[in-house]
């Protein structure tokens, strides 16, 4: 028979009926044990990671719009188009030339066709400023991704509410130790909190598949499967 014991045991109402606990010197609450998210493998399209798909679509749309605007504000047709033997040739500012100008601005390339009118030069100046900001953001984000690989990892959830909401979509199972203090905690909190109620309802309805008998079993399950283990520290 033991008179005194020291251990990391959660104080519950049932345990207090048979054991006298001293005031706790540390309380850490309930944690979620889950596999660390792995960085998404983009393969040959790693260069697209700095921006989302929506941002790339907006850039493409703005590129086409700026090309059309330059073409719309051009100086007119080639003045030498009707002269069979002109003294010198003047390149007409076609839509393809405008598109090439807009694309070359991103690559910081020179452009051999001069924009003579004030409207076309104004649009060009605004576009150059836009590309300067976009390229700077792209380079900074790309450097950050390479220096922090884990930042591009796929995060399934960051808290209990996200876990309960995304579990069906991400096919994530979650549970706790069967008959443990953590499971009792969820059962009590389910009466007052909707998120805990959903979590407890899922664990109670799938008790045979997701509830574990020991914490070690839960750790192995979390390592081998897409499984989140609730446990009290």
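Note that Cβ sites are derived from N, Cα and C of the backbone, with glycine treated the same way.
On a predicted model such as this, the values are computed, not experimentally measured, just so you know.
According to TrEMBL, the feature transmembrane segment maps to residues 127-146, out of the candidate ranges 7-26, 27-46, 127-146.
When averaged over the domain 'Ionotropic glutamate receptor L-glutamate and glycine-binding' (2-36), pLDDT in the model lands at 74.
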